[in-house]
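> What follows is a structure written as structure tokens; I'll ask about it next.
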Amino acid sequence: MFRTATTSSLASRFFISINHPRIAPLTIPLASLTNHAPIAFDGPAKRQYNRNHGGEQHNQRKKRAGPLHFIAASSFLSWFSKKSDDENTPESQLITIIKRSILSIQKEEYQKAEQMLHLALKMAQDLQSKDGITYIYDIMANLAMEVGDFAKAEKLFVNVMQRLFSDGFLEDHIKMLHISSKVAHLAQLQGHLDKAAQGFEWTLAKLEEKLKQLGDDNGKEIRELWGITKNWYAQLLMECKRFAEAKQAFLQAYEAYTEIHGKLTEEGLTILNNLSVACSNLEDYASAERFLKEAISLAAQIPDLSEAGVYKANLGLLYLQQGLLRQASEFCTFAWRYGNQHKHEETVIQATYCLEQIKAMQK
């Protein structure tokens, strides 16, 4: 959670800004965190603190897009699942294969999922099921996004969007806006920052228009997508060193996410961590510490949360930035032990770096 939340973020070692890698459902993304916090202060401690923000970005770009926990009950699937209740029909067999491919993705069995999706696509084409083909392309796009093949993912999402257009969907339909948000995020992950900014800003404007029309009571899905898009946009702002704007966008994303899902979620904690990184770059260390401590407190209530140690390491690095060696040593030592105990490599790397810097400063 504390790297930068974009696949290319693991490359620089700063205060970890983590991008939560698995959060976006097929048609309703839940929360994708991809942050980049460039170095805002001089010295290795600050670079490391931010590296979790900026280096995470590099890592995120290489690994995966960041949001992909699939929801099997997609509205795409419902378009053609009602055609037959007979388990022996070709349509039902197709639906079964699609569901199994989604299950394989959830288990991170990506090669198996890819093979099943190609089989499903052939079946859908033989059945001339337009809705089935569209849905399968959507899953393929998300799978490509998950494994870090961003160019392929973008191409597939554009294909899905074109198919929806041909079926009469308008550009501001919720399905189209989900894809628009992801395409903007993919542009960011590939380093096309101007294109990403235009995509995010257009999508957010359309979502805000819809929220005004629907009101708070009927706009839950719109509000959720708006929060996800705000979070991705905040990560882009971090990469562009627009830290004050990023902080505001992270705050808005956190409010939207927690009002729907509550505070005890890994994704919400990731946003808090990234908020801390934004505040650190603004040299607002009191707020950075407050957000991290809140994340640590909430993480203690989530069983077996592997990123809990990263939050502690980040807090140690924040103290190190300020020359508070005793506090830095306390949190980084805890994080080092926690990371080894839970076999969480990023925590160990982060904590080790912190402890080495403390030793160097004590000489």
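The backbone N, Cα and C atoms fix where each Cβ goes, and this holds for glycine too.
Relevant sequence annotations retrieved from TrEMBL are reproduced here:
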COILED    197-224  coiled coil
REGION    42-63  region 'Disordered'
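Thinking about packing and proximity, how do these listed features fit into the structure?
For the coiled coil (197-224), the list of distant contacts is 28, 30, 171-172, 174, 177, 180-181, 183-185, 187, 230, 232-233, 236, 240, 256-257, 259-260: same-chain residues at least six beyond its ends, Cβ to Cβ under 8 Å.
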> Within the coiled coil (197-224), what mean pLDDT does the predicted structure show?
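Reported value for the coiled coil (197-224) is a mean pLDDT of 89.
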